[in-house]
2 protein chains.
Amino acid sequence: MMSPVSGQPTAADDARRPTNVILFIPDGFGPASATMARDYLRKYEGVGELAMDSIQTGSVRTFSTSSRVTDSAAGATAYATGVKTYNGAIAVDTLQRPLGTLLRAAEGRGMATGMVVTSRITHATPASFSSHVPERWMENEIAAQQIQSGADVILGGGMRHFLPSSAEGSEREDDRNLIDEARAKGYTFVDDRDGLMNLSNGPVLGLFSMSHLDYEIDRDPAVQPSLAEMTDKALSLVSKDKDGYFMMVEASRVDHAGHGNDAAAHLKDIIAYNEAMEVALKHARRDGNTLVVSVSDHETGGLTLGRDIHKEDGVDGVYAWHPEVLHRVEGSHGAMFDAVSARYDHLPDGATATDSVDAVAAVLSNMAGIDDLTDAERASIQNSLGSYDLNYTVSDLIERRAVIGWTTRGHTAVDVNLYAYGPGVENFRGNMDNTEVGDILASLLNLDLDALTADLREETEETQKAEKSKTDATSGPSPGSE
Amino acid sequence: MMSPVSGQPTAADDARRPTNVILFIPDGFGPASATMARDYLRKYEGVGELAMDSIQTGSVRTFSTSSRVTDSAAGATAYATGVKTYNGAIAVDTLQRPLGTLLRAAEGRGMATGMVVTSRITHATPASFSSHVPERWMENEIAAQQIQSGADVILGGGMRHFLPSSAEGSEREDDRNLIDEARAKGYTFVDDRDGLMNLSNGPVLGLFSMSHLDYEIDRDPAVQPSLAEMTDKALSLVSKDKDGYFMMVEASRVDHAGHGNDAAAHLKDIIAYNEAMEVALKHARRDGNTLVVSVSDHETGGLTLGRDIHKEDGVDGVYAWHPEVLHRVEGSHGAMFDAVSARYDHLPDGATATDSVDAVAAVLSNMAGIDDLTDAERASIQNSLGSYDLNYTVSDLIERRAVIGWTTRGHTAVDVNLYAYGPGVENFRGNMDNTEVGDILASLLNLDLDALTADLREETEETQKAEKSKTDATSGPSPGSE
C-alpha cells in the first residue's frame, strides 16, 4: 500500500467519521459510460467535467463467488453487507443465510435511512439493502420485507408487487395490500411527482410506476420525478434526524439501457445520475458531515466508444465517435417500438412487408433523425420484423452511425469507477474489492454488521423451527417418518 | 474540487517535490486490461492484486484536438508537453511548431534521462518525448533527432531506422549510421540481453530488434531483455546522477496486441508491464524521492470481458469469462502464422484446401490448445486462408471460447486508469485531462516547458531561414520568380 497522503489512516479517528452516508450505485455504469456522458456534455452544454470527475479516487473489482462477471444481486450484496456471494443472492451468503445490511444496521442504530431508485424498488440493488431472499426474482417477498425494514424513505417503481392480486396489474399471488400495510405503519404513500414534492415529513413510500420508472429520455416530468428530484426530497427528509442518516441512491436504468444496447437511453440516464450526484454533493459540501460514495455494481453491455466499421462498410470509422448521432435520438428503443406499433395499427389491409419496413423507417426518421437507411439496413429491419431482434437491429443502425460498439446484452467484468467525497474519503482509494466498500462504510458509521448477521440468523432459525413444529403439529405424528 | 486530504496543495512545497520521476505509459491499456490481468493472476498465481492496484488515484481523459479517439502520437505528446495536438503529431502543436518536452527539459536542467520501450524506439510514444516531427511515420528523422536528444538511456527496438540504407533490413534512405554517430557521442551500443546486463555505465543505446521487440508471449529470454530487466538496468544507470532523473517506460506492445485483437499476447504484455511496475515501485519505496506515475495513452481494441455469444451459438456465455482459454495459448497470432506457414511449406504438391485448413487446425491444437473446431469454424478458416483476415478468424476462435469481445482494430475513447506513488502524488487525483499530467510533472520537476518551447521555435525559425537563404543562394536570382 502507498503511504497515506494524509499521514494517518482514519477509520478510528472520530474527527474524520461522517455523520451521514449517501451511497450512489449507478447500476451498469462502466468506465466508457463516464467518457460518453462527458464527451456529450462537453459538446452540447460546454461542461468539461462530470459532477463526480474531481472526486474519483480509484476503481472497484466486482467478481462474485459464482462468476468473474457479477450480477446486480451479488454486486449490491457486496456493498450492502461486505460479503461476497453468488449471482442472484439478495443479502444472503453462499449458504443462503441472511446477512446484516448497512441500511438495516443503520436503522437499528436509530439513524434515518432511505432508498431512492428508478427501477422497481424490489429489484436486486435496493432489495439487497432491505431484504434477504435466496433468489432475486422473489420480488413479492422482497416487497413484504421492505415495508418491515424500517426505511424512512422508499422511492422508486414496482407498485405491482405491493398491490393485492385482485388489483389490475398486480403481480402478487396473495391478497396483501402492502401499501395499506405501510400506511398502517405510519408511511405516507405517494404515486406521482406532485405528491412527492408536497411532502414535508417522512416516513414515505413513493411508488411512481407499476414496474420501472421511465427511462429519462422518455420521462414525462409532470408525472414522474427525476432521480435528482427524488434525491433532493429524500435528503431533505432524512437530514432532519439528529442521529444521522444512511441513504442508497440507485441510477437503476443505466443498466437496463445497457442490456438493451440502447445508447441514447443509457446516455440520458447517466446524465440524470450526474444531476443527482450534483444534488448530493451540494448537500454534502454544505453540511460537512456527509460522506458521498458512488460506485457501480458492474458494467453492462460491453460499451465501447469507437468501433471497427470500416472493414465491412468501406467507411473509416475508426478513431472517432459521434455524440451528435445520439443527440438526435428522442426516445428509448421501447418508445420507438410503441410508435412503430401505432403505425402498424394504421396500415391498410393487405399491407406488404415493404409497408411495415416503411413504418419502422418513418419512426427512425421522426425519433432518431435517421433518413439515410441503406437497402441492406432495410433488409435487416425486414428480417427482424415482429421479433425482439428488431431492438438490436435498431441499436445497430444507431450505433454504427455513432461509431459505438456493444459486445453483450449482459454484463462484463471490467473494474468500475470509485468516487468519494467527505469525511472518511481517505479510506476509498486505489483498486478495491467491492466488499471492502461495504466493510469500510460500516466501520465509519460504527455499524456492527456481524452482530446483525448473527441476530438475523438466529431469527431465521427460530422461524424455521417454529414453522417446522407447526408443520409437524398439523401433519401429526407420522409413523415411519424421518 | 474535493478538499485535499493532505491539507495543503503541494506543487509549491519543496518537501513534497520528487527528485526523480518515472513515467510509465502502458500503451493501449484500458480499464478491462487491468481486470483481465488481475483475474488471470488470481487464478494462476494466487495474486489478488496488480502491482499498481493500490496506487490507483483516478483516471485520465484522452481526446486529442482532431478526434475524441486519440492516437498514440497526440496521446504521448499530451503527457510529454502538456499540450493537446492532432492525431499523428510528434511533440508539435496544431501549427506543427515544436513543443518543449519533459525529457528534453530535464536534460537541459542537467538531470539524467532515459527511455525504455518494447516497440521501435522511433515509435510514436518515445518519439514524442525526444523529437519533433509533424507526422509520426517519419521514423528515420525521429531516430536522427533521438541521438541528439541527450537521453542517457535509450532502450528498445527499431534498429532499421539507425542503420545506413546499405545495411540489410535498413529502412533509412541515406547513408547515415546513427549507431556509429551515437558511439561518437559517447554512447555504448548493445543489441542483446547479455550486452545490456553487463553494462555498468551510461550513456547507452540498446536496440534489440530491427523493428519492435517480440511480444512477451514469444520472447526468447536469452536474447531479448524483458521490460522489467530493461527498467531495472535503466534505473541503476540514471540513479547515479545526483541531479535526479526523468525516465519514461513504455509497455508498447500491449497496444499492438490490442490492434491485432490478440488476447493472450495482450495479457502477457500486461503482466510484463506489471512486473516492470514492481521494479520501479520497489526502487521508489527504497529511495523515497521518486514519483512513479503510470497512465495509458488510450485503450486499444474495445476489449470486453464477457461477450454475448449465446444468441448465435445456443451457448449461454453471458456472465462469465474464462482465463483458462488464454492460459493454453502459447504464442501470438504472428507466431501461429509463422507455424502455419512452415506447415504449408511441407504440404505436398496438389494439396487441397482441406489440407491447408488441417495445417491451421494443427497449429491451433499445438499452440492454442483448441481441439474442438466446429465445421463452421473450419469453413471460416478456409474462407480467410492466405489473407490477413485469418488473424481475426483465429482471434474470434480463441476469444469466443474465452467469452471475450473486441469491437475494433483501432483505439477507443474510454478514460484510462491513473496510478501514482511517491512525493507529489496528491496532485494526481480524480479524472484529469491528459495534458494536466504533463503540466504537473513539469511543475514538480521545476521544468519550464514554455521557455523550452520558445527556444525550440526560435531554433526552428533560424534553421528554416538559413535553409531558405541557402536555397536562394544556390538557385540564384531568378527573374520573375515570386
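Think of each number as a place in line: the chain as shown, counted from 1.
Using N, Cα and C of the backbone, Cβ positions are placed for all residues, glycine too.
A TrEMBL annotation is a machine prediction, not a hand-curated record.
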According to TrEMBL, B:Asp255, B:His259, B:Asp297, B:His298, B:His411 bind Zn(2+); which one of B:Asp27, B:Asp39 is annotated to that same site? B:Asp27
How many whole Å apart are the CA atoms of B:His411 (Zn(2+) binding site) and B:Ser72 (active site, phosphoserine intermediate)? 9
To the nearest Å, how far is the Cα of B:Ser72 (active site, phosphoserine intermediate) from the Cα of B:Thr125 (Mg(2+) binding site)? 6
Just name the most isolated of the binding-site residues B:His123, B:His259, B:His411, going by other Cβ atoms within 10 Å of its Cβ. B:His259
In chain order, residues whose C-beta lies under 8 angstroms from the C-beta of B:His298 (Zn(2+) binding site), counting only those at least six residues away in the same chain, are B:Asp27, B:Gly28, B:Gly30, B:Thr62, B:Val69, B:Thr70, B:Asp71, B:Ser72, B:Gly75, B:His411, B:Thr412, B:Ala413, B:Val416
Tell me the residue counts in helix, strand and coil for the compositional bias 'Basic and acidic residues' (B:462-471), as DSSP assigns them. 10 helix, 0 strand, 0 coil
Binding-site residues in contact range of chain A, given that the Cβ distance is under 8 Å, out of B:His123, B:His298, B:His411: B:His411
Length of the line joining the Cα atoms of B:Glu250 (Mg(2+) binding site) and B:Asp297 (Zn(2+) binding site), in Å: 10
Cα-nearest neighbour of B:Thr125 (Mg(2+) binding site) within the listed binding-site residues, B:Asp255, B:His259, B:Asp297: B:Asp297
